[in-house]
Amino acid sequence: MRTGIAASPGIAIGPAWVVQEVELDFPTEKVDNPEEQLNRFRGAVDKAKTQVDALREKAKQTMGEDKAAIFEAHLMVLDDPELLGSVEQKIKEERLDAAKAVHDVIEQFVAMFEQMDMEYMRERAADIRDVGSRLVHILLGVEPRSLAEMDDPSVVVAHDLTPSDTAQMDKSKVLGFTTNIGGRTSHSAIMARTLEIPAVVGLKTLVSEIQQGETVIVDGIEGKVIVNPTEAELDDYRKRQERYEAEKKALKRLVSEPSVTADHARVELAANIGSPHDAQLAKENGAEGIGLFRTEFLYMDRTDLPTEEEQFEAYKHVAETFGEHPVVIRTLDIGGDKELPYLDLPDELNPFLGYRAIRMCLDRPELFKTQLRAVLRASAFGNIKMMYPMVATLEELRAANRLLDETRAELREKGADFNENMEVGIMIEVPAAAVMADALAEEADFFSIGTNDLIQYTMAADRMNERVSHLYQPFHPALLRLIKHVIDAAHAKGKWAGMCGEMAGDPLAIPLLLGLGLDEFSMSAISILPARKQLKQLKQSEMKRLAERALELGTAEDVRAYVENELKTLQHS
Ligand SMILES: C=C(OP(=O)(O)O)C(=O)O
Ligand SMILES: [Mg+2]
């Protein structure tokens with residue numbers, strides 16, 4: 001039995017289809033005619049673009065627009081003047097063969113991106129590697145290994161799978177896959193989850209230890225792989241596979257059911273999304289609305305600010321996807337771990353305590369008002385609500401609302417359509433705002449508690465720092481008391497309170513939050529159906545008592561142990 005990283009849930013059993021790496025041989029002698037190599041290189045870039053275009057179209061059909069966007073990124077790499085220029089320079093100055101020049105430049109760029117600490121920069125490295133390998137294969141005249149050749153349903157075993165590989169996967173043939181490298185958020189893992197193909201990644205040396213056709217079990221739930229299983233193991237895993245499929249089917253039946261507890265309390269289960277394309281997937285997973293649209297992703301991965309029109313189209317698309325159901329658009333939350341290189345923001349000693357989110361937006365009213373105009377105009381096409389991130393003071397809320405009023409007046413003057421009654425709320429993720437929730441509730445239409453940040457600021461423990469992660473405690477009574485105060489303050493003023501931090505989808509937190517009276521739970525799409533199932537089994541009246549008791553405990557550990565224990569007891573009663 002081998003253990004890796006569970007990348008996509010489900011169990012696959014079948015013969016191994018081992019992807020062998022092709023050894024590439026680069027001509028290393030200096031060339032006589034660099035002009036000829038430049039032409040070969042440019043020809044290869046054109047050919048690669050045609051191939052990627054075809055892949056993008058295929059991916060659009062099989063996986064939807066958002067996953068196909070990976071190939072937009074590939075096309076951007078193929079158009080990147082810096083990268084293309086570096087290859088041409090190498091060919092001219094060092095008189096290298098085109099394939100060798102591409103190989104060297106790609107290695108350089110990949111190394112540079114891999115060193116950066118932002119995950120999405122590291123993912124750029126994977127894109128560049130994928131494109132580089134395509135160009136090298138074209139230049140060397142080697143057919144890239146293709147999953148399209150697979151005849152029988154099999155388990156793919158590879159060192160790594162590029163997005164180009166996964167896009168070619170035929171779901172009726174690929175039962176599951178394993179890779180030697182990669183993590184939960186690598187492109188191939190994300191694709192596997194979209195295609196609902198069980199996958200385990202990060203298996204280190206599996207490829208060299210398995211023969212084509214040997215039977216393999218992939219357990220994408222626990223991250224395990226078994227090669228040549230015994231009869232008993234096969235039996236066991238066939239049963240697990242059946243159970244998993246049956247549970248999945250049962251959950252799918254809850255897609256259009258309302259979210260109600262066993263004692264008929266109604267809550268809302270919404271999804272967090274980062275791009276307009278995620279909206280459809282959220283809906284398919286039973287979301288009753290969008291509780292957090294992280295709009296900063298529209299601003300990232302590009303070289304200048306998105307226009308009002310681009311933003312309007314994105315917001316309108318999500319609003320229309322959800323019709324009468326609410327879509328909460330959060331205004332730009334840049335800063336902290338989310339950078340925008342083209343804004344040229346100064347480096348700060350404490351970026352999480354610095355110039356970010358609403359602070360920056362209030363300081364750059366033109367940038368902010370472009371977004372406000374786009375949101376207001378989109379509000380004519382569905383049930384849009386808007387919220388400001390990182391609000392610390394009442395003055396900030398007022399200042400933002402003044403800019404919103406100005407924007408409304410300007411739109412009225414132009415005769416533009418928008419919803420005059422659009423709800424405007426705030427995120428509660430700064431402890432000062434949580435403490436002052438009663439005052440803020442007078443002027444905000446709703447609250448959405450951002451526990452990802454509220455925990456780090458309450459515990460003074462950086463959410464990205466492994467060394468203090470033991471202090472990052474969602475179940476700390478200090479946090480639970482703040483949450484209770486926020487919810488009570490909202491209700492006292494007739495407003496609703498939701499939560500869009502990761503905690504809202506945690507099966508151990510849901511009973512507590514239900515007991516504290518949370519109205520809306522917003523989480524990643526895949527957590528929604530399990531949460532709906534869980535809620536059906538809980539009674540709000542009982543959870544109220546559970547929460548009251550938890551608030552009196554002294555440590556996070558005590559709270560966890562208490563809740564776990566109570567839930568077990570309730571299950572058996
Ligand atoms: C939802 C939140 O915002 P983000 O994770 O985008 O900072 C939060 O802080 O809980
Ligand atoms: Mg936050």
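Each Cβ is built from the backbone N, Cα and C atoms, and glycine gets one as well.
Note: TrEMBL annotation is automatic and uncurated.
In this structure, H187 (active site, tele-phosphohistidine intermediate) is part of a helix by DSSP. Residues annotated as active site, tele-phosphohistidine intermediate in TrEMBL: H187.
All protein chains included, R330 (phosphoenolpyruvate binding site) registers 27 other Cβ atoms within 10 Å of its own Cβ. According to TrEMBL, the feature phosphoenolpyruvate binding site maps to R294, R330, N452, D453, R463.
The annotation Mg(2+) binding site is assigned in TrEMBL to E429, D453. For D453 (phosphoenolpyruvate binding site), the Cβ neighbour count at a 10 Å cut-off comes to 22, with all displayed protein chains included.
Annotation source TrEMBL lists coiled coil at 38-65 (among others).
Taken from TrEMBL, the feature coiled coil covers 227-254 (among others).
Averaged across the coiled coil (390-417), the predicted model reaches a pLDDT of 98. The feature coiled coil is assigned by TrEMBL to 390-417 (among others).
For 3-124, the entry in TrEMBL reads domain 'Phosphotransferase system enzyme I N-terminal'.
As annotated by TrEMBL, domain 'PEP-utilising enzyme mobile' applies to 151-223.
Summarising the annotation, TrEMBL assigns domain 'PEP-utilising enzyme C-terminal' to 249-539.
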I need the nearest neighbour of E429 (Mg(2+) binding site) among the binding-site residues N452, D453, R463, using C-alpha distances.
D453
Helix, strand or coil at D453 (phosphoenolpyruvate binding site), per DSSP?
helix
Out of the recorded positions I have (H187, R330, E429, N452, D453), which ones have their Cβ sitting under 6 Å from ligand 1?
E429, N452, D453
Give the number of CB atoms, excluding that of N452 (phosphoenolpyruvate binding site) itself, located within 10 Å of its CB.
15
For each of H187, R294, count the other CB atoms within 10 A of its CB; which of these recorded positions has the top count?
H187
Three-state secondary structure, which DSSP defines for R294 (phosphoenolpyruvate binding site):
strand
